[in-house]
Amino acid sequence: MGKRQTIEISTAEAKRQMDIISQLSHHIKDKGLKYFTQTFGCQMNAHDSEKIQGMLTQMGYTETDKEAEADLILYNTCCVRENAENKIFGKLGYLKKLKRLKPDLMIALCGCMMQQDIILENLKKNYRHVDIIFGTYNIYKLPELLQTRFETGKKVIDIWDSHQDIVEDLPSERKFLFKACVNIMYGCNNFCTYCIVPYVRGRERSREPQDILKEIRTLVEDGVKEIMLLGQNVNSYGKTLDTPMSFADLIREVNKIEGLERIRFMTSHPKDLSDDLIAAMAECDKVCNSLHLPFQAGSTNVLTRMNRRYTKEQYLELVRKVKAAMPDIALTTDIIVAFPGETDEDFEETMDVVRQVRFSGAFTFVYSKRTGTPAATMEDQIPEEVSKERFNRLLDLVNSTQAEHMQSFIGKVTDVLLEEVNKQDATLLSGRTSEGILVHVKADQSFIGEIVNIKIISAKTHYLMGELVSDECE
Ligand code: 5AD
Ligand code: SF4
């Protein structure tokens with residue numbers, strides 16, 4: 001353990017882990033052990049955590065939402081921005097005290113942060129109370145790592161630099177019965193100069209279409225109506241397969257699955273968004289009326305230094321084509337403010353893109369320096385007071401275009417997948433439109449998991465209020 005390795009894993013590996021799961025389950029069930037997990041970062045991490053939870057449940061653990069009650073605490077970490085990392089170190093400080101009170105407590109860390117050497121060294125030296133550390137490539141090995149920890153009583157560290165194969169058929173625990181995420185590819189080849197992801201999640205690897213389709217069919221048989229196809233750059237899906245297949249054609253195949261009602265996907269890179277994909281989105285009735293298309297920065301100069309490989313004009317042209325094919329589509333995006341060297345004029349170009357596109361939503365970030373990426377050593381890092389001022393101005397603009405978009409729904413009847421009881425008001429159910437917009441509606445709990453028609457009666461910045469249209473009430 002502890003040695004870095006590059007390994008190819010056969011699908012039989014999943015079976016080996018399942019055997020370990022069944023060996024462990026007696027011991028864990030007998031003791032009534034509980035686990036607590038917390039996930040940081042993106043949808044990819046959230047989906048990895050579903051797999052982790054699936055394995056822990058099969059091992060006999062029950063979930064608790066209270067850290068203090070848990071026998072195993074696992075954090076699935078993110079390192080895309082510095083504040084995500086700081087949160088983990090803060091949490092580990094708290095766990096040190098908890099472990100003093102409860103010496104049998106097992107602490108596990110996994111995910112993107114663990115793939116960085118400096119972090120790993122820091123954890124080994126200063127956070128000795130962590131019991132198990134693994135990375136992004138070997139999540140499926142959790143049963144074996146736990147078994148080793150139980151048997152040897154020693155710290156277990158298993159970080160790999162990469163791996164080629166993809167392990168299929170692991171258990172997974174979904175938060176919702178009727179919607180699910182499905183990985184279609186792993187890793188990223190783009191090396192945007194600010195981004196740590198290619199270093200911690202490795203090169204692009206696509207799953208075989210038949211494995212993806214089989215998984216979706218099984219999910220649909222299990223009651224799933226909506227799926228989210230996940231990948232760091234879904235638009236380049238299939239290029240590395242022995243028999244290459246485009247993402248557009250994958251969508252066409254998924255669209256044929258009977259019983260499936262909604263298809264979403266993320267994330268799309270503008271440089272790889274083909275005309276054929278736009279055509280597939282428009283022609284496939286199950287593809288939702290939304291597209292997440294990060295533009296990151298409006299200035300072509302900044303985009304070049306970010307290694308995004310498109311210009312402002314090309315991005316706007318892409319948006320024009322998408323809107324021509326799907327006029328009411330809801331576009332969302334990611335934007336980074338204060339990339340090194342960003343001038344006031346550059347920033348105004350970002351504001352200009354937001355004004356022109358009128359996004360229905362945007363995730364806005366202040367640039368965060370990530371050691372090891374090319375942008376970290378670029379000159380002219382932007383002072384905090386400048387980045388904060390730009391960030392606030394951008395946020396105001398994003399909120400106002402979002403509010404305008406929300407207003408446009410008032411009076412319309414739209415289909416909503418009702419997902420859960422509203423957390424603030426138990427008489428309301430909350431769900432999402434095809435555009436991905438949150439809607440609250442007075443409805444009986446029996447509607448959870450149903451796609452229903454809802455008339456929108458009012459709009460706030462981040463959600464809509466609606467009422468069930470009459471035939472649904474009968
Ligand atoms: N600083 C700020 N934001 C970043 N992102 C990725 N790396 C950084 C960074 N170093 C943002 C991008 C990406 C989203 C997932 O996170 O906008 O699309
Ligand atoms: Fe990071 Fe760029 Fe890859 Fe997205 S496309 S994961 S921003 S390197």
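Placed from the backbone N, Cα and C atoms, the Cβ positions cover glycine too.
[4Fe-4S] cluster 1 binding, as stated in TrEMBL, involves Cys42, Cys78; the candidate among Cys112, Cys181 given for that site is Cys112. Using a 10 Å radius centred on the Cβ of Cys195 ([4Fe-4S] cluster 2 binding site) and all shown protein chains, the other Cβ atoms total 21.
The subset of binding-site residues (Cys42, Cys78, Cys112) lying with their Cα within 10 Å of the Cα of Cys195 ([4Fe-4S] cluster 2 binding site) is empty, i.e. none. Among the binding-site residues Cys42, Cys78, Cys112, no residue has its Cβ under 6 Å from any atom of ligand 2.
Taking the centre of the Cβ atoms of Cys42, Cys78, Cys112 as the [4Fe-4S] cluster 1 site, the nearby residues of that chain (Cβ within 8 Å, site residues left out) are Phe40, Gly41, Met44, Asn45, Thr77, Cys79, Val80, Ala84, Gly111, Met113, Val197. For the binding-site residues given as Cys42, Cys78, Cys112, Cys188, Cys192, the lowest number of other CB atoms within 10 Å of the residue's CB is seen at Cys42. Helix first, then strand, then coil: DSSP counts for the domain 'MTTase N-terminal' (33-151) stand at 66 helix, 23 strand, 30 coil. Cys78 ([4Fe-4S] cluster 1 binding site) sits 16 Å from Cys188 ([4Fe-4S] cluster 2 binding site), taking the Cα positions as reference.
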